[in-house]
Amino acid sequence: METTLGSYARTLSLGMLVPSAICLLAGTFGLLGGSSIALWVVIAVSLLGVVGGVKIGGSARRMAGDLSTAIHVLSRSASGDLNARILDVRGSGGIGALQHSINRLLDLAEAFGKEAFAAVESANHGRYYRRIITTGLRGDFVLYAKTINQALKRMEARDAEFIAFANNQVKPVVNAVAAAATELEASSGAMSAQSTDTSHQAMTVAAAAEQASVNVQAVASAVEEFSASIKEISTQVHRAAAVASEAAGVASRTDTTVHGLSDAAQRIGAIVSLINDIAAQTNLLALNATIEAARAGDAGKGFAVVANEVKNLANQTARATEDITSQVAHIQEVAAEAIKAIQEITRTVSQIEETSSAVAGAVEEQNAVTVEIARNVAEAATGTSSVSSAIITVQATAAEATESAGQVADAASELSRQSENLSREVDGFIARIGGR
């Protein structure tokens, strides 16, 4: 009775161990992604071994120990320890086959895992040539290995494609940006130099315009003096006419005296004509001075020449005035002589009166011309002031352009630096992708 109960208990214990082993096998295969066919083969072998063992009657205790060892190894492998093995395979029949199958299964799982790890680790460093070696693998493990190898091959192709894209597409763009930044930096430097040169030129022109303004003021002063001289001439002519008028009642004494007075009057006319010519030339020179001042290019030099000519003409006018004064004095002398022969020069005095009136009219016309010259000189002064104001504006604009050029140069320098950094980053990234 006790023997029967003991056998029943051992048989019951074996019946409980077998499902446990089967569950652990299922867990191990789930962990490893194992084949369902292999799983059922192991289960079938296990059941046959157990049934055979029970049938034959063998040692239930030893069988229970072998199954316990198998369960322990399967538990370790299910926890991720693929180094676990059944070291002392003592079972025979179904139990022995189960133990050997477990060891072979773990050998395959470990070999596949190590190969997969080595291949993926190499790929992680860019060495895609490392593939999973399928020698010794069976069934689904071979399929899994081939799938991983194909994935590694595709990854290698994609990396190569990306590196080619980076070298052929991205890198040229980065280089183009860097070249453009360098060119922009050079252009901004040239622009800054040009702006600085423009500012210096504007300063030079401003100084020349200021000098031109001073020269125009000098011409204006000379014209005022010239106008005063004309007025003085007019006064002297009127005085001469008055003297001639006083001699109107004096008779002419001799023909010679009358001719002398007539000749003196003619010389006065010639001198007045000379004054008229000088005034015309002065007017022309004033016009040239206005044009030279408006050009603002070489205003200083051109205007200096014109001012010198005006000065010479003013000197000629002074000499003509002196000559006129001399001739008027001569007229006075002739008039004094005419007083002695008042009866003889009555008709001549009348002619002198008429001539004096003509001279006065000519002097008035000359005075009008002088006023016009003064007006033109004033306009020239205004134009010179406008040129000075414009040059100041140009100088300010050039200064702003210089500042802007400096800002562009700074931006271009920063862009160039960033382009260099980007180029280094792209090169480094390509290097990391190509040789990880």
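Yeah, the Cβs are placed from backbone N, Cα and C, and that goes for glycine too.
Taken from Swiss-Prot as is:
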type	residues	note
TOPO_DOM	1-8	topological domain 'Cytoplasmic'
TRANSMEM	9-29	transmembrane segment
TRANSMEM	31-51	transmembrane segment
TOPO_DOM	52-436	topological domain 'Cytoplasmic'
DOMAIN	180-416	domain 'Methyl-accepting transducer'
MOD_RES	Gln211	glutamate methyl ester (Gln)
MOD_RES	Glu225	glutamate methyl ester (Glu)
Going by DSSP, is Glu225 (glutamate methyl ester (Glu)) part of a helix, a strand, or coil?
helix
Just counting, how many other CB atoms are there within 10 A of the CB of Glu225 (glutamate methyl ester (Glu))?
13
For the topological domain 'Cytoplasmic' (52-436), what's the mean pLDDT in this predicted model?
78
